[in-house]
Amino acid sequence: MKTVVFAYHDMGCLGIEALLAAGYEISAIFTHTDNPGEKAFYGSVARLAAERGIPVYAPDNVNHPLWVERIAQLSPEVIFSFYYRHLICDEILQLAPAGAFNLHGSLLPKYRGRAPLNWVLVNGETETGVTLHRMVKRADAGAIVAQLRVAIAPDDIAITLHHKLCHAARQLLEQTLPAIKHGNILEIAQRENEATCFGRRTPDDSFLEWHKPASVLHNMVRAVADPWPGAFSYVGNQKFTVWSSRVHPHASKAQPGSVISVAPLLIACGDGALEIVTGQAGDGITMQGSQLAQTLGLVQGSRLNSQPACTARRRTRVLILGVNGFIGNHLTERLLREDHYEVYGLDIGSDAISRFLNHPHFHFVEGDISIHSEWIEYHVKKCDVVLPLVAIATPIEYTRNPLRVFELDFEENLRIIRYCVKYRKRIIFPSTSEVYGMCSDKYFDEDHSNLIVGPVNKPRWIYSVSKQLLDRVIWAYGEKEGLQFTLFRPFNWMGPRLDNLNAARIGSSRAITQLILNLVEGSPIKLIDGGKQKRCFTDIRDGIEALYRIIENAGNRCDGEIINIGNPENEASIEELGEMLLASFEKHPLRHHFPPFAGFRVVESSSYYGKGYQDVEHRKPSIRNAHHCLDWEPKIDMQETIDETLDFFLRTVDLTDKPS
């Protein structure tokens, strides 16, 4: 039975082994690259696939239309998901005639969502299990095919329960996979009235709140014990981790968080007391409780606290949806450079923000905005400033996938805008220079230029029109319901991390990244319709500084404003951009690793983008509003931007196979 598998972690490995043992023919396996900030104690699906001679892939977005098409070409009869961390789109699920099945680590419908292993321990459950269920569009909601119950012992911690669940999963799959193969299964619909759902946990969620009962704190310790990050507390500003604990029914009038004794190390709680059996001060070594007390300088009567003693004033909470994108990751870097921002981010990947994942003021959830609506609504309510940066913004997609562009760029963002209205939150919305369309003004002005687009049978305008309509909706909400907003319009921002070379390989990237790929691979640089179209290229650092000032909003000068962010002095045609890039490439110290330049080739836009494409001959911003509202002007010359962007991408290329 031809099978496509989505898998990660130990459960992914055992699921693959079970399929092979049951005689399934695995055509391809999709997995994830390991997160360098995560302690990898589990088996490698990629290594197992390689050892078994099975093609394995780890795309950033498996739901991209090109991956959907590649999976369709495999003609899977059935699909399995074993602890794959991304939701799989309905288009993929519908490819398999026998259906798609997911292995989930709880007794569904209880504990849908993320980290059920940890949540059942946090909540003090005495039973959990594994469930194999049919996959539907909504996460973990499909009919149940099989379940096995697993008892949770009082001394179970996360790793021991993980091993129990793996053992149960092997049994479950051994019993169930033959029945699926022969179409002989009985499915039971989940009872929605019994469903519970839990979100992703982060290390910051595991602080010990001493006013809670000792049993609750002990469960927290069990849930995140090694190899998870551990429960923690503070002595003054000194952080320490509790690796194991015991509950004492100690009757004491001491304030919660007070040290009752140091040998054993006993801490008063809201109800009872918690003995810290083993722990660790800062980044030190693990030690027994009494030695930990000595290391931390604790004596009877000392007080512990859940937060550092000298906590600064509350940071401004900024929600960035699409935080892993070009603007999102650079903006995150700028905000975290200051000491008064807390950044909350959501995206379907994390490669560009991996450098922030361990930052104490950066909180990331991997997910899709079309699915994580409850998480988004909660964080809109929780945060002070919202930046919905998620969009399909590459021209080839406007003609290739116009409906997907509309659904994501318009419909999903409209929902977020309405959350901002509902909870009265400030929104900073990314409009686009594309809204000006075929405007003939010498300088495109936010307040006076007409927004001119082509006919309906030219789908390339669906992005421009979607953004324009959202601009108008936001403006109306500001006028009629008091929404605090700023619209910003980027003009051809470029710099390191603008798309990636893999995106360029499938045509889904902006101009400079595509040109760099041509140089790297020794293929001709394609000049669409001769490359005479002119753009004003803006360095990402200039753009981000302007965006940062919008967030700062000195004197509330940005409220209700539309602000172009571009560099009118950096105007060049695409052909000129290609020539400047080539000159920089020829001088680069890594030049000898790459093939000879293959020349320029003029191609028609219809052959490259499709028949529904129209181009814009020029696009130059007026930056009058940026001067007035932000006291900002761009400073970085285009050549410097080209040099740094090229250098970044060349240093990401694996040079082992390149000629020298």
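Just so it is clear, glycine is given a Cβ too, placed from its N, Cα and C backbone atoms.
According to Swiss-Prot, the protein carries these features:
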ACT_SITE  His104  active site, proton donor
ACT_SITE  Glu434  active site, proton acceptor
ACT_SITE  Arg619  active site, proton donor
BINDING   His86, Leu87, Ile88, Arg114, Val136, Lys137, Arg138, Ala139, Asp140  (6R)-10-formyltetrahydrofolate binding site
BINDING   Asp347, Asp368, Ile369  NAD(+) binding site
BINDING   Ala393, Tyr398, 432-433, Arg460, Asn492, 526-535, Tyr613  UDP-alpha-D-glucuronate binding site
REGION    1-304  region 'Formyltransferase ArnAFT'
REGION    314-660  region 'Dehydrogenase ArnADH'
SITE      Asn102  site 'Transition state stabilizer'
SITE      Asp140  site 'Raises pKa of active site His'
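On the structure: features taken from Swiss-Prot.
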| residue | record | DSSP (3 states) |
| --- | --- | --- |
| His86 | (6R)-10-formyltetrahydrofolate binding site | coil |
| Val136 | (6R)-10-formyltetrahydrofolate binding site | coil |
| Asp347 | NAD(+) binding site | strand |
| Ala393 | UDP-alpha-D-glucuronate binding site | coil |
| Ser433 | UDP-alpha-D-glucuronate binding site | helix |
| Lys526 | UDP-alpha-D-glucuronate binding site | strand |
| Arg619 | active site, proton donor | coil |
Span of the (6R)-10-formyltetrahydrofolate site, taken as the largest CA to CA distance across His86, Leu87, Ile88, Arg114, Val136, Lys137, Arg138, Ala139, Asp140 (Å, rounded to a whole number): 17
For Asp347 (NAD(+) binding site), the one of His86, Asn102, His104 that lies nearest, given that the recorded positions are compared by Cα: His86
In the chain carrying Lys526 (UDP-alpha-D-glucuronate binding site), residues 6 or more apart in sequence that have Cβ under 8 angstroms from it: Gln514, Asn518, Phe600, Arg601, Val602, Val603, Tyr608
Which recorded positions sit within 10 Å of Asp140 ((6R)-10-formyltetrahydrofolate binding site) - Cα, from Asn102, His104, Asp368, Ala393, Ser433, Arg619: Asn102, His104
For NAD(+): widest Cα to Cα gap among Asp347, Asp368, Ile369 in Å: 8
Of the recorded positions listed as His104, Ala393, Glu434, Arg535, Arg619, the one whose CA lies nearest the CA of Val136 ((6R)-10-formyltetrahydrofolate binding site): His104
Rounded Cα separation (Å) that holds between Ala393 (UDP-alpha-D-glucuronate binding site) and the residue listed as 'active site, proton acceptor': 10
Entries of His86, Asn102, Ile369, Ser433, Glu434, Lys532 which, being recorded positions, have CA atoms within 10 angstroms of Arg619 (active site, proton donor): Ser433, Glu434
Whole-number Å value for how far Ser433 (UDP-alpha-D-glucuronate binding site) lies from Arg138 ((6R)-10-formyltetrahydrofolate binding site) (Cα to Cα): 35
Surrounding CB atoms that lie within 10 Å of the CB of Asp140 ((6R)-10-formyltetrahydrofolate binding site), all protein chains: 22
